[in-house]
Amino acid sequence: MSAGRVSKLGYTGTVAARLRYPLAVTLPAEVLAKPAAPPRLGFPFRLLLILGVLPLLLAASILAIYRQQQTDRIYTGVRVFGLDLSRMRYDEAAGALRVHLRDASRRRFELRYDDDVISVSLGAMGLAADEAEVAALVDRAWMVGRDDDLRAWLSDQLVLLRHGFDVPATVRFDRERASSVLGGITADVERVTLNANLSVARAGDRFEVHTSPAQTGRRLNVNATLDRLQKSLVGTLPGHVDLVLEEAPPGIADADLVPARDAIEVLLGSALQFRDGARSWALDPPAAFEMLDITGLSAGRPPIGAKLNDDKLAAFVEKTARAADQPAENPTFAIENSRVVVKPGRTGKVADAAKTFEPARERSLSPATPRVVEMVFAEDRPWLSLADLEPFRARADALLEQPLTIETPALPGVAEKRWTLTRTELAQMVVLPSTLNTPREYATLPAAQRPQYELFLDSGLIAGFLGREVAPWVSEDPVDATLELLTTRVDAPNPAYAAAVAAEQRRLETSSSAGDPVPGATVSGSGTDLRAAAAARVTLPATVQENRYRVGLRNARDGRGPDYNGTFAAVQALFRSTSPAAPEDRRVTVRLAPRPPRVSDLDLARARDEANQLIDQPVTLRWKDATWTVSRDELVGMLRYQPGRDGKLTAYLTRDALLTRAGAIAREADRRPDAPRASDGSALPADVAQIAGVIWQLASTARDGARAAEVVWTEDLTQPAAPATPTPAR
């Protein structure tokens with residue numbers, strides 16, 4: 001490289017080198033300073049000296065030549081990142097190092113953990129070296145072996161020739177890119193820390209404890225891994241780096257679950273007994289399962305334990321305590337021999353739930369069987385005395401002493417009757433006051449605030465007496481409204497009589513036209529009265545009797561009976577009153593109340609009107625000169641009743657009867673020669689269903705003079721065949 005020329009890396013190529021001096025300059029100074037001795041004859045010591053010095057001169061010349069040749073080159077054996085730069089000029093070394101770094105960044109680079117590897121590249125990890133860094137590395141390689149001291153230089157050259165020298169160089173990489181690469185592999189190399197877990201499940205009548213083992217997790221320490229990678233890039237380009245993985249031990253190990261598992265087996269292994277002498281109550285395993293509380297799992301750290309939930313256990317103990325209670329019984333009122341007496345109370349005991357709870361919690365975890373908890377009780381004494389109830393007893397007994405008389409009211413149709421209720425009857429109808437709900441602070445209450453124990457009559461028993469004894473004397477059953485079919489016989493014109501008279505009149509007119517006299521005929525100014533003669537000759541009756549029907553409504557009528565509530569109120573008021581004391585004045589007249597019918601007139605009014613509409617007039621069907629009549633008698637035979645959607649009765653004609661009558665009309669109409677024909681010449685039958693519908697329509701809607709219609713025939717379903725299309729001749 002010529003002096004003064006600047007390379008790409010900014011290097012001028014100027015190298016400091018010593019000039020070549022004569023060999024004498026290299027000799028020691030003491031040799032040069034020694035004066036020359038005069039020549040003398042003898043053994044050729046000088047020649048021997050010259051021959052001894054000659055190898056040194058040769059070696060010095062060789063070293064000088066070697067050093068001169070390495071002036072613009074890197075010494076042999078110098079390596080940078082494993083790249084041998086021996087005898088390379090500066091530009092050559094820079095280019096070779098640049099290519100070497102580029103190739104190294106593309107080679108496979110392994111991220112190792114356990115027995116697995118993840119392949120990336122140093123380039124992906126952000127390895128980069130700019131021109132300034134390459135130049136700095138080449139400068140450091142260039143300076144190797146260029147010591148000015150001859151002895152140090154010779155030592156360096158021997159080391160370079162025998163072992164070579166790796167320049168202690170390093171190269172930077174992009175930590176952000178490398179962190180991104182490491183962040184992408186965390187899912188593969190990291191392991192989630194799992195605490196040991198425990199759960200209990202029901203399996204039929206038994207319970208199963210399920211456990212899951214703990215798992216030690218591990219996390220990738222990105223910064224430590226990058227620091228390790230940076231250290232490995234000193235002097236060499238590694239092919240792998242071991243990931244720095246830090247273990248994350250679980251908060252709950254498998255051994256931490258052993259106490260909880262043992263406690264669960266105790267809690268659910270057998271029933272916890274609560275005992276009071278011969279009485280006992282059990283907390284069965286299914287109930288204990290609902291109370292089970294496993295502690296420590298949610299916190300994620302030991303200790304892990306199992307017990308019964310305090311609140312649920314306390315609720316169970318409270319419930320059991322109340323079931324075990326034998327509360328004190330206060331003195332009570334009773335009837336003995338028709339007299340009011342007071343029976344003494346009884347001392348009881350009440351379970352102390354709070355004092356029973358602590359032993360229950362301790363025994364629930366005890367492995368000893370059977371697990372029994374002795375109930376803790378406190379004495380419970382009556383809070384009423386016999387003396388407290390004596391005034392009320394005396395007043396109640398005095399009420400029974402006065403009889404009551406119940407009498408019927410003075411009304412038409414009601415017989416006079418009296419019933420006397422004496423002590424014996426009244427004692428069976430009273431309700432004794434209860435002392436069960438007396439407040440426990442009764443003794444400390446002011447007299448005005450203390451409960452009063454009064455005797456009352458039982459409304460149910462009084463009502464039973466009235467219904468059993470009194471009701472038959474004063475009651476009258478209600479009458480329900482009903483529909484009645486009323487029939488009337490009337491004289492109606494005889495159609496056969498009119499036809500016979502007309503026929504006879506025509507015959508007489510024919511005879512009169514022939515000149516034959518007509519016996520019985522009178523001759524008037526206008527001619528012979530043939531109609532009267534014809535009527536006289538006809539023996540058929542001029543009228544016939546027909547049935548006329550009408551649906552009538554028999555009205556409902558209210559009944560009567562005892563007013564139980566009103567009568568009981570009067571009896572109760574008189575019983576509770578101490579006056580009048582005279583027996584003849586202690587009377588109660590039975591109150592009466594109306595008893596409405598179950599079916600009122602309004603309930604049947606609509607059905608009555610509908611029925612009269614259906615049977616009022618006959619229904620007539622015609623076809624040309626033929627007539628068929630559905631008479632009133634036939635309509636009455638079809639009439640039925642049924643409840644409507646609103647619950648009230650409605651009238652209708654039965655479907656079967658309508659179809660039967662319509663079928664008879666259809667058969668007669670089908671036999672007529674003038675019945676309609678189809679397009680193919682076949683007779684069209686009458687439509688039975690349509691005829692039945694016409695009869696129903698006329699009967700239910702048509703009024704007088706409009707109850708007639710035509711016979712309905714089935715439609716002609718025969719379609720004429722389409723004419724054939726002629727095929728043109730070919």
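Backbone N, Cα and C define each Cβ position, glycine as well.
Automatic, uncurated: that is what TrEMBL annotation is.
What you see is a predicted model, and the numbers here were worked out from it, not measured in a lab.
What TrEMBL says about this one:
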type	residues	note
DOMAIN	120-236	domain 'YoaR-like putative peptidoglycan binding'
DOMAIN	306-358	domain 'YoaR-like putative peptidoglycan binding'
TRANSMEM	47-66	transmembrane segment
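Per DSSP, the domain 'YoaR-like putative peptidoglycan binding' (120-236) is made up of 50 helix, 27 strand, 40 coil. The average pLDDT computed over the domain 'YoaR-like putative peptidoglycan binding' (306-358) stands at 94. Taken through DSSP, the domain 'YoaR-like putative peptidoglycan binding' (306-358) splits into 21 helix, 20 strand, 12 coil.
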